[in-house]
Amino acid sequence: MGSVNQTTISEFILLGLSEDPALQPFIFTLFLSIYLITTLGNLLIILAVTSDSQLHTPMYFFLSSLSLNDICLITTTIPKMLVNIQTLDQTITYTGCLSQVCLILNFAGIENCLLAVMAYDRYVAICHPLKYIVIMNPHFCVISLLFSLLCSIIHALFHTLMVLLLSFCTEVEIPHFFCELAQIIKLACSDNYINFLLVYTVSVLFFGIPVFGILLSYIQIVSSVLKMSSLGGKYKAFSTCGSHLSVVLLFYGTGFGVHISSAFTDSPRKTIVASVMYTVVTQMLNTFIYSLRNKEMKKAFRKIFSRITYIL
């Protein structure tokens, strides 16, 4: 099969979750519901944090940033899929596809960094409570957020620019509902060994360092909690970490599943399922985890609903 230079490629074809026309209405309804629940739920979290002065703390500052990032991440994938289903058009432009790759990598990277910073926040709160206000000051919080954004942008642009160097065959069908980096590299007619090597090498570094930081933080947290003599103190300390730890396990567990399925399986269907968990389901569940497991958030929600009820 002959190859053409990537500059002549004008569009890719997203095959979606299923080629069965009978399933398209169900898929459309399901993912539209997931998108609305995720977006509205995270907007509610942001509204609760910004409107309640008791939640103006570093932990909730990072939580609201995480919620905003989850909205952005899920918006890069689902709306395009819904439009394709509705218009019966599976194409996405070459520029649009690379833009989607860059945005997904960027927002996934921000989430990766934010989870590490939130783990450090819990470490300082539990292990150094008297120094918490001094260490986790507003300046440090803003710098941490900006640094996370900068690192994520560099990571996303690096991989996107590497894709620009590839040449693609006339076969441009992506067995996915969005432009995933690994799937695009597989379509290249030119040598893609370097790209795959860089994907896994850079990913190990970029995601591995925050994971190491999270593990180190929780080792210190567990060590400090076990030294507490009060059972009530131990329960309170662990409860403040429960939501964050649940999100960490969900995010990295599904992300690890995506890379494993891409590397060791030839089944596009298994890769798609793992990616749905990573880019869609995780963002929806984050909303419920931080809402239902957090007393302060539930209290803030009740205040919001009571104000809405009073106005109505």
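Every residue gets a Cβ built from N, Cα and C, even glycine.
Note that TrEMBL annotation is computational and uncurated.
Quick look at what TrEMBL annotates:
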type     : residues : note
DOMAIN   : 41-290   : domain 'G-protein coupled receptors family 1 profile'
TRANSMEM : 26-47    : transmembrane segment
TRANSMEM : 59-78    : transmembrane segment
TRANSMEM : 98-120   : transmembrane segment
TRANSMEM : 132-158  : transmembrane segment
TRANSMEM : 193-216  : transmembrane segment
TRANSMEM : 237-260  : transmembrane segment
TRANSMEM : 272-292  : transmembrane segment
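At the 8 Å Cβ cutoff, the transmembrane segment (59-78) and the transmembrane segment (237-260) share fewer than 3 close pairs (sequence separation 6 or more) and do not count as touching. Beyond its flanks by at least six residues, the transmembrane segment (193-216) meets 109, 112-113, 115-116, 119-120, 151, 155, 158-159, 162-163, 166, 181-182, 185, 248, 252, 255, 259, 263 of its own chain at Cβ-Cβ distances under 8 Å. When Cβ distances are compared across the two stretches, the transmembrane segment (132-158) makes no contact with the transmembrane segment (237-260), since fewer than 3 pairs at least 6 residues apart fall below 8 angstroms.
Confidence for the domain 'G-protein coupled receptors family 1 profile' (41-290), expressed as mean pLDDT, is 86.
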